[in-house]
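According to TrEMBL:
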type     : residues  : note
DOMAIN   : 1-145     : domain 'F5/8 type C'
DOMAIN   : 513-550   : domain 'EGF-like'
DOMAIN   : 549-601   : domain 'Fibrinogen C-terminal'
DISULFID : C869-C896 : disulfide bond
DOMAIN   : 897-935   : domain 'EGF-like'
TRANSMEM : 1165-1185 : transmembrane segment
Amino acid sequence: GPLVSALPHSSFQSSSESSVSYAAYNAKLNRRDGAGGWSPMVTDQEPWLQVDLREQMEVTAVATQGRYDSWDWVSSYLLLYSDTGRAWKQYRHEDGVGRFVGNGNSESVVQNKLSHPVRTRFLRFVPLDWNPSGWMGLRVEVYGCSYKSYVADFDGRSSLLYRFNQKSMSTVKDVISLRFKSHQAEGVLLHGEGQRGDYITLELHRGRLDLYLNLGEARFSSHRVPVTVGSLLDDQHWHSVHIERFNKQVNLTVDSYTQRFQTKGEGHSLEVDYELSFGGIPLPGKPGTFLRKNFNGCMENLYYNGINVIDLAKRRKPQIHSVGNVTFSCSQPQLVACTFVSSSSSFLSLPSASPAVGGFSVRFQFRTWNPEGLLLSVQLNPDPQKLRLQISNSWLRLTLHSSGRQKSEVSAGERVSDGLWHSVSLDGRNLQITLTVDNEPSSTIELWEQVQSRGSLYFGGCAATAPDCQGFAPAFQGCMRLIFINSQLMNLSHVQQGLLGNYNELQFDTCNIKDRCLPNLCEHGARCSQMWSSFSCDCSGTGYAGATCHNSIYESSCEAYKLSGSSSGFYFIDPDGSGPLGPTQVYCNMTEKKVWTVLSHNSTAPVTVQTSSLQKPHVMIFNYSASAKQLRAIVSGSEQRKILSCGTYYGSPLSWWLDREGEKRSYWGGFLPGVQQCSCSLEENCIDMNYFCNCDADTDTWANDTGVLSYKDHLPVSQIVIGDTDRMGSQAVYHIGPLRCYGDRSIWNAASFYQESSYLYFPTLQAELASDISFYFKTSTPSGVFLENQGLKDFIRVELSCECTLCLQYETQWHYVRAERNAKEASVQVDQLPLRFLEAPADGHLRLRLSSQLFVGGTASQQRGFLGCIRSLTVNGVSFDLEERAKMTPGVSAGCPGYCTGSSSLCHNRGRCVEKSNGYICDCSQSAYGGTTCNQEVSVSFDRESSVTYTFQEPFSVMQNRSSQASTSSTDSRAREDVALSFVTSQRPAMLLTVSTFSQQYIAVILATNGSVQIWYHLQTGKKPDVFTPTPSNLADGRLHRIRIHRVGKNLYVQVSNTSTGSPYTLSSDAELILIRSLTLGKVTRASKGFIGCLSSVQFNHVAPLKVALTNRGSSLVTVRGPLVQSNCGALAESHTLQGKTSTSMTLMICLLRLTNTRADCFCVVTAVVFITVCALAVVIRLVYQQRRAQRSSGSIKEEHRHSMYTDYRTELHLHNPVRDSVKEYYI
């Protein structure tokens, strides 16, 4: 119910009031007392209204109203709460946002329900925005109820012991709940242990809550790993803890964060001897216990399995024993802090107190996340000495500046930017200045003469008028408390009231620190690091990229790799894109018309089975190269699944297999589930027509069976069991090949919209904090809504809006759209255009509340609908089946008409299919290949003096020229390169490719003296380059080799001759290439050795330098030195390689079974083949997107029929010194 209406005048306070009639006690909801509400003075820079509820209450909602009959109201505000009215904490919603929506006029009441109730006595309303045509005016109400509280106060040397009625207590289920508050970051809250090795310990450690729980593991194990929840729990505010255990399953909840886990050990019950202790460990010398600090703070409503421990202790019940001084009221001291808000303008200046004899001293405590910041600046006598204390690279550094440029420095502390409170003491006496941090050994600066502080001391930063204090940016961002100057405590309340010192951009009575890594918004296991006002994600080694590591850097299928111009080889695929499954390595076979995805397992060689019986059968478990969930995603997206198998006994089966769920299956290839037959029975060609499988015939010759398993819900085979081969002369040989899949049906899943009023509808989007949407479209109209999902206030809409006549030029072309929204930013990308970013608000994006269905191709109002085709729509890695929904929707048809809409690749190697009225053509401008379908290699033979240099038309950033094509998804990384080239040579060493920039960065691909390939990355001037050798093999062997290099940030992915390096290499920097100058193939300088051999299919991002050199002979962008002869070496070598791969795959189709003089019921599986389908991208949240397409006129495709070309040397290639100096190093 309402809690404010009956409060006396004394329960209201404010920072100021315009006059008595505007006093705080007039701020009751719907009242007209005085001037009809509270209004502060116009000069009040930090206004607030405070309400004392007189006792602890559970607050569930607040309501606000403007000042009666006026133009004064508050449109947004913060809500603070406190137990004592001294130390305050800001209330934040579950999504971390602290701003409350206020009023739009003076009379309406706006109520805000709290997403999680707070138990408090004091509330403070802090206005943020108000009516610009008036002033601040507030009337408030608070809703909630009283609650029963049992409190105990522990002083760090006390505890409560709950003693059992018997020697030990063994429980299968436990429920423990309590609330606590403390100003210390260490202390044991709960402990119990048993003789068999069981233990439970709950303790504060570094401001987090650690739970140690063991059921029957080895006694006194030295390696104990806790489950950790929470952060910054030493903030003097109440925190709730709830522990639920049933057998080995445990839920640990701290405030609103829950961690679920299984206990260690083999037991299912918790056995504790004699007692449980709360607040500490009374006997720290007891074997098996932790030597930890006792808890110093208050506990409230402590329940153990329904028993109110504090109530029993308060009533002096015999089962509770009190150790030390435990009191039953919370009298913990309130340590008042202030917050330095700005990294540029916050400061606190305080006058020097009466100086101590013979020197000065300063003590204070601070906490921050920032690794840099100025803590203290002091002018010293004799002049002109000054002292600076600052955080530098998370260490504390004390600098004494003397006359001229002389200075002395010492450092102390380590990792002081960890968010914990740290104490600092500066003492200047006895001809030395001593710096002490957290009671660690001191660091000292020796003096020639005694010094004293002079003038004001500046904490956290400097005023603009402060002498000799500027230039020490950044200022400190964080909290300070307990500031002593010359042993006198500074009263921060007097500072706030203007009675002491001066300040700027400070918040008083609160430490407004926030752990931005809790919960961890970095996805896919990425590591979170933070500053005071932001966080960042380290995506290294995760396989994902982007601000929150949301986007997979891999394609979703082998089909997608082929569309991007890749050739056969090992690749990582990510079946659900930005979803949770993660990437897995597969082999992509692109030598046939179909693209095959091959997943291997642990037993690919033929296996001979003898002496197996039903009592002791032969069992083989197959472990695939992907997890069960990944396999499920691959199989569920397949169009065709094949398994070649053989025999079983007709009747009760003596051999069987298990599906992916572990279910027993006895049907074989060619038949539906439940039919125990083989394919020879279906084809009526079994060697003995009395049996349904060749393997069942009683012959003394080898036989085999092949067939197809096409029921995808059972694939792949996880286990095979073979029995009844234990008779003399009986044996079986089975061979199971890898799981093979082809295609990706989601890529071409499309729908055509013919009416503006038509749309497809799907269930409401689950709007996560990090989500994305992607799709392809083509249209002939300049506007239309692609999709829309609405809520009461929130909505998502992706819309095309084009206002120029040129928009229709690409009416028949596919365009790619990807939009993402995460906790740090929102972004949109169209085709190959640069990403457009919009930074998130300081508190991050809100979680959207959507309620309507998702409309695709239109809106709920049936206006501004989309006309055209949409395909490959994915939301958070889940593909939408547009075709199936279109079959039952008027005005929409499944598929999309045109040559370029099918799943067959008409244009290869990144070529773009362009619809024409009487056919199509392939635009090969973004491909390193030529020809009518972009499949003709552009190959050139080089001699020792040959080189090709491509000069970029203008300096550009790689970020602004992303190479992702319309057929692939972008990783949204701000630093990315894609490099591909093929070569044939017998010479070593050799220079293959060099990229240089105007900013002295470079990339180089070389062959070393041993023939191994080396990749050089030099991204930071003044530092050594990163050098990687992907394979030690000699590649100067006269064979064709292909190198693919893909960089995302610090991650470098390399593939050499269809062999991936697996895990990425890690660069020393994630800097982007700035102002790229040129790319050179072959000889770099006159003194260097060049390249003798053949280069083909060279591509750097969107540039194909060999192709430009051959097709644009007069181009000013290309400089050719020495003779260049067009060749076909790559095509010839590739043809030879493909033939070898085809014969290798055929060897997997072998399976033999021998039965001699006896009947055997045996089983032979030849090979498993399954087709993969999935395309992954993800969901956008609350993204209103309007796009204006800037179109380019398409040029006709040129045929390339140049057989040889010689050009004269034009200009010398000028490389920067770092590149030139590095050239000699490739001989190593």
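Numbers run from 1 along the shown chain.
Cβ atoms are placed via backbone N, Cα and C, with glycine included.
Using DSSP to sort the residues of the domain 'F5/8 type C' (1-145) gives these counts of helix, strand and coil: 9 helix, 66 strand, 70 coil. Its Cβ taken as reference, C896 (disulfide bond) is surrounded by 24 other Cβ atoms within 10 Å in the chains shown. On the 0 to 100 pLDDT scale, the domain 'EGF-like' (513-550) averages 92 in this prediction. The Cβ of C869 (disulfide bond) has 23 neighbouring Cβ atoms from other residues within 10 Å, across all protein chains displayed. The helix, strand and coil residue counts that DSSP assigns across the domain 'Fibrinogen C-terminal' (549-601) are 6 helix, 18 strand, 29 coil.
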